[in-house]
Amino acid sequence: MAQSKEQRVHDVFQSIYKKYDVMNSVISLQQHKSWRKDTMKQMDVQAGTSALDVCCGTGDWTLALSEAVGEQGSVIGLDFSENMLAVGREKVAAAKRTNISLVHGNAMALPYDDNTFDYVTIGFGLRNVPDYMQVLQEMCRVAKPGGKIVCLETSQPTIPVFKQLYFFYFKRIMPLAGKVFAKKYEEYSWLQESTLAFPGKDKLRDMFVEAGMKDVTVKSYTGGVCAMHMGIKPI
């Protein structure tokens, strides 16, 4: 019997957690940190606020949000892979952050009340969920009116030659890099599949609007291989 997307993704991340951070740097050619840093700048996170980081993985964005909201603020990182969360807990402990809670949960059914968070983020996780729209609607639901919902995700370049190189890299090079650096060829084959199947930036902008957000901002990075989408929950 074929695995569901949800089960396959869960198995992938339960397997690659030890090398996930290293492979992020390898696959993005060290760019993912600068993409996230600029996204945080665009978000203009205020001290004393609350944030939910959906599909938080090993917690890099969760930690960045924690620093931005400060001691008077609070951040929850949610992920469905216990192994990824275990790495995240080690990072939180090492950073001595007391305003972070890491929670095992499902992005498709967020265990929080409506209108709870000032910021709701998802970084390199939306492409892996079974239903993009359901997750976007859930993120919008738990955001406060006027709150920001932000997705940082791989995208698809539109420049012809660059687009061809991009597809070659993800189809051929990325799985091989996974085999060399993480000994996980099949798992990184899945990640390239999910990347190439993910909607382009214009389609994702439309999905943000359909999910209930307004004033959607889109910013592309590194020739369009990554994009930030930020929407506001109507007041």
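Each Cβ is built from the backbone N, Cα and C atoms, and glycine gets one as well.
What Swiss-Prot says about this one:
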type	residues	note
BINDING	T58, D79, N106, A107	S-adenosyl-L-methionine binding site
Within 10 Å of each Cβ, count the other Cβ atoms, then let me know which of the binding-site residues T58, N106 comes out lowest.
N106
DSSP says D79 (S-adenosyl-L-methionine binding site), in three-state terms, is strand
Counting only residues 6+ away in sequence within the same chain, which have a CB under 8 Å from the CB of D79 (S-adenosyl-L-methionine binding site)?
C55, C56, G57, L85, G88, L102, V103, H104, G105
Can you check what DSSP calls A107 (S-adenosyl-L-methionine binding site), collapsed to helix, strand or coil?
coil
Give me the count of other Cβ atoms within 10 A of the Cβ belonging to A107 (S-adenosyl-L-methionine binding site).
24
DSSP state at T58 (S-adenosyl-L-methionine binding site), helix/strand/coil:
coil
